[in-house]
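So that you can see what the record holds, here are the features copied from TrEMBL:
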| type | residues | note |
| --- | --- | --- |
| ACT_SITE | B:Glu330 | active site, proton acceptor |
| ACT_SITE | B:His331 | active site, proton acceptor |
| BINDING | B:Tyr133, B:Gln194, B:Asn217 | NAD(+) binding site |
| BINDING | B:Ser240, B:Gln262, B:His265, B:His331, B:Asp364, B:Glu418, B:His423 | substrate binding site |
| BINDING | B:Gln262, B:His265, B:Asp364, B:His423 | Zn(2+) binding site |
Number of protein chains: 2
Amino acid sequence: MMDVRRLDTRDADFAAQLDALLDRAPEASPEVTRIVDEIVARIRADGDAALLELTQRFDRRSLQSAGELEVPKAQWAAAWEAQPAELRAALEAAATRIRAYAEHQKLAPFAFKDALGNTLGQEVRALERVGIYVPGGKAAYPSSVLMNAIPAKVAGVDEIIMVVPAPGGELNPVVLAAAHLAGVDRIFTIGGAQAVAALAYGTATIPPVDKIVGPGNAYVAAAKRAVFGRVGIDSIAGPSEIVVVSDAGSDPRWMAMDLFSQAEHGEDSEAILISPDGVFLDRVAAAMAERVQTLPRAAIVRTSIAERGALIQVRDLDEACAVSNHIAPEHLELAVDAPRALLPKIRHAGAIFLGRHTPEAFGDYCAGPNHVLPTSRAARFSNPLGVYEFQKRSSLIECTADGARPLAQIAGRLADAEGLQAHAQSARDRS
Amino acid sequence: MMDVRRLDTRDADFAAQLDALLDRAPEASPEVTRIVDEIVARIRADGDAALLELTQRFDRRSLQSAGELEVPKAQWAAAWEAQPAELRAALEAAATRIRAYAEHQKLAPFAFKDALGNTLGQEVRALERVGIYVPGGKAAYPSSVLMNAIPAKVAGVDEIIMVVPAPGGELNPVVLAAAHLAGVDRIFTIGGAQAVAALAYGTATIPPVDKIVGPGNAYVAAAKRAVFGRVGIDSIAGPSEIVVVSDAGSDPRWMAMDLFSQAEHGEDSEAILISPDGVFLDRVAAAMAERVQTLPRAAIVRTSIAERGALIQVRDLDEACAVSNHIAPEHLELAVDAPRALLPKIRHAGAIFLGRHTPEAFGDYCAGPNHVLPTSRAARFSNPLGVYEFQKRSSLIECTADGARPLAQIAGRLADAEGLQAHAQSARDRS
């Protein structure tokens with residue numbers, strides 16, 4: 001048996017039940033904010049000295065100087081060479097596919113002339129220096145290094161600084177190998193709010209960056225929120241989520257494992273299956289009970305499914321799309337006969353996996369699109385990580401002497417209405 | 001005479017002097033954060049009751065119910081009709097140009113097939129409901145309504161909710177007229193952190209939105225930071241800035257007024273002129289002393305120029321671009337003979353105005369590009385407000401049965417390396 005809640009949209013209190021299940025708090029807690037604000041202030045005030053002290057304490061390191069925080073490039077190259085050939089080939093295949101997809105995301109400049117002969121346009125430039133946060137220790141994921149670094153490289157970022165904590169000095173060599181492959185420029189073994197603060201403000205050792213991306217725990221998320229404005233950040237990462245919409249034609253065993261592939265990330269992961277077929281949901285529940293036993297991380301999966309999982313019966317696939325849109329999931333599988341027919345009905349999802357042969361795990365590693373995706377309903381308003389996060393636009397305006405005159409009249413009139421006489425005069429100087 | 005500092009890149013301490021001038025704090029102060037967190041918590045807990053109480057207090061309103069916070073559409077239409085024909089024509093001309101430019105910014109979906117026959121792509125959807133914050137009272141700017149609402153309309157947003165505080169019940173009718181013209185859907189007379197919180201969480205009266213854009217004071221900025229994650233936000237707006245790069249060929253009187261057009265926004269505005277010609281800088285200083293006397297807002301301009309203004313002499317125009325890139329200004333005028341020659345050297349600027357006939361004031365009102373731009377050096381990493389801020393992307397992956405098999409091998413191998421067996425099994429189910 002496996003503990004998983006069953007919901008039905010025909011239940012009177014379905015909406016309330018669903019919202020209770022989804023009740024995440026993407027905002028930082030006041031307690032976490034307070035601790036993080038202190039850490040950020042210490043790094044701003046004391047730089048390397050504070051960074052060294054906090055790293056020694058939180059990561060149980062024993063270091064003589066901040067210089068030791070940097071991992072020499074020779075060590076990454078050695079880590080790459082030390083990996084089995086088959087793993088290197090898999091990393092290379094993934095990197096190639098991630099790069100090929102990213103190339104499609106590059107922003108293009110534009111320019112056009114208005115009827116007056118003035119030129120209007122938009123320039124695109126790469127960011128200069130970005131920081132990539134990689135969660136550390138044994139659970140450090142090489143796939144995250146590829147997903148964060150490759151779009152930045154494709155965008156043309158000058159320098160990519162990676163930070164990864166090394167608790168107890170432990171560093172995953174596959175993470176170093178992935179950094180070598182992805183074209184990271186420098187690596188520092190720092191983590192937590194102190195790493196985010198060091199990247200935002202710079203220290204004698206850590207160069208200040210223009211933007212910080214990558215997932216982390218609640219302290220990392222709060223630190224990113226705190227330094228936002230001083231530097232850019234990507235979205236605040238929450239626990240991983242999957243919604244699977246399936247008709248009765250999918251293999252229940254596949255559906256079970258697809259749900260588990262999110263659930264195994266952590267006890268707060270969210271895995272939800274939606275189907276119009278109640279018998280099919282029963283069969284998936286049975287498959288879950290059977291297949292969970294095969295998993296090394298079965299305990300995490302059981303807790304996650306019990307706490308945050310659900311099998312939801314809907315009236316039809318249209319209603320399945322509506323429920324999914326309300327959830328606005330990070331990952332959405334459409335494991336149905338005609339997924340393309342449902343696609344126009346999907347308004348909010350970070351990544352959409354079409355058809356029964358497209359498990360979410362492909363997206364985590366090697367399909368090509370980024371695995372850094374909006375969570376906690378942020379797919380309502382934000383984007384997957386992509387090349388466009390490492391580029392920025394500048395507006396362009398170029399008037400001719402003749403083309404300026406009509407604009408001087410319009411701007412002058414509107415500035416008058418706003419009581420801004422220097423604006424009005426500056427415009428009318430050109431008339 | 002007019003008090004304005006002179007800097008020279010040949011001075012030994014130039015870098016330190018410039019950084020002292022630029023020393024903004026885009027982060028919220030702990031005191032402001034504390035007050036705002038309380039207001040946000042009150043709105044979350046008590047909804048309309050808290051919103052009404054805070055609005056009565058901060059905006060000196062006297063209202064019976066939250067329903068009175070909404071401005072009926074008939075009142076906007078009447079405000080539009082009441083404007084002079086010439087002002088309506090200027091607003092219409094500006095709106096038409098803003099819309100035409102915004103149309104160029106729409107994100108396009110893409111899709112392609114990989115060598116295995118799998119389809120990879122990116123879908124684009126509009127946000128459902130957005131909130132536009134318009135600063136209130138007498139200083140409410142109709143141009144800001146056009147600049148915030150029109151890109152949202154062009155993006156296809158379903159519903160645009162505008163909030164504008166009405167201190168003492170006072171509401172600028174031109175702001176209502178602009179909302180009528182721009183296609184806003186609903187207007188509520190609320191402001192401050194309580195308005196941001198109401199938009200983020202919703203109350204019985206205020207519908208919750210997916211993203212909040214628009215400038216505001218320090219409390220509004222801190223509230224946007226606090227609700228980020230729950231909703232999307234645009235960048236945190238700081239005081240307005242202009243950098244003018246000019247050779248000796250510009251009219252010093254024009255340059256003086258261009259600087260004033262930023263300085264008049266407020267005492268913390270930043271206006272900097274950079275030129276390789278010291279005599280030209282002297283002539284601009286003289287023109288400033290003369291022309292400031294003509295301005296109704298001369299006192300603000302004098303303070304702003306004295307506190308935050310500078311005339312910077314550089315060795316050549318290349319160095320001017322380097323100094324400008326370090327400043328990463330919101331607005332940059334290139335008032336030189338050959339502005340196109342400098343353009344490739346400009347890395348960081350929100351909007352670039354090319355040539356002597358393109359004053360920044362055109363961009364504020366009617367050139368077409370948005371006047372909501374990154375401030376406080378955020379042009380290093382962020383974008384002008386645009387249509388793309390009201391759209392979002394979803395990744396798309398669609399594998400065939402045959403195309404899935406090679407991906408199953410790669411993903412399986414990488415999941416093994418990360419110790420995620422459910423990922424590995426989910427992938428290999430398709431092999």
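Counting starts with 1 at the first residue shown.
Any Cβ shown, glycine's included, is placed from N, Cα and C.
All annotation found in TrEMBL is predicted automatically rather than curated by experts.
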Residues from B:Tyr133, B:Gln194, B:Glu330, B:Asp364, B:Glu418, B:His423 facing chain A - recorded positions, CB under 8 A: B:Asp364, B:Glu418, B:His423
Three-state secondary structure, which DSSP defines for B:Gln194 (NAD(+) binding site): helix
For B:Glu330 (active site, proton acceptor): intrachain residues, at least 6 apart, with Cβ closer than 8 Å: B:Ser240, B:Glu241, B:Ile242, B:Ala349, B:Gly350, B:Ala351, B:Leu373, B:Pro374, B:Thr375, B:Ala379
B:Tyr133, B:Gln194, B:Asn217 excluded, remaining Cβ within 8 Å of their centroid (NAD(+)): B:Pro135, B:Val163, B:Pro165, B:Gly191, B:Gly192, B:Ala193, B:Ala195, B:Val196, B:Gly216, B:Tyr219, B:Val220, B:Ala223
From recorded positions B:Tyr133, B:Gln194, B:Asn217, B:His331, the one whose Cα lies nearest B:Gln262 (substrate binding site): B:His331
Residues that sit under 8 angstroms from B:Gln194 (NAD(+) binding site) by C-beta distance, when 6+ apart in the chain: B:Ile39, B:Arg42, B:Ile43, B:Ala50, B:Leu51, B:Leu54, B:Thr55, B:Phe58
Neighbour count (Cβ, 10 Å) for B:Asp364 (substrate binding site): 28
B:His423 (substrate binding site) versus recorded positions B:Tyr133, B:Asn217, B:His331 - nearest by Cα: B:Tyr133
Residue pair B:His331 (active site, proton acceptor), B:His265 (substrate binding site) - Cα distance, angstrom, rounded: 14
Candidate with sparsest Cβ neighbourhood (10 Å radius) among B:Ser240, B:Gln262, the listed binding-site residues: B:Ser240
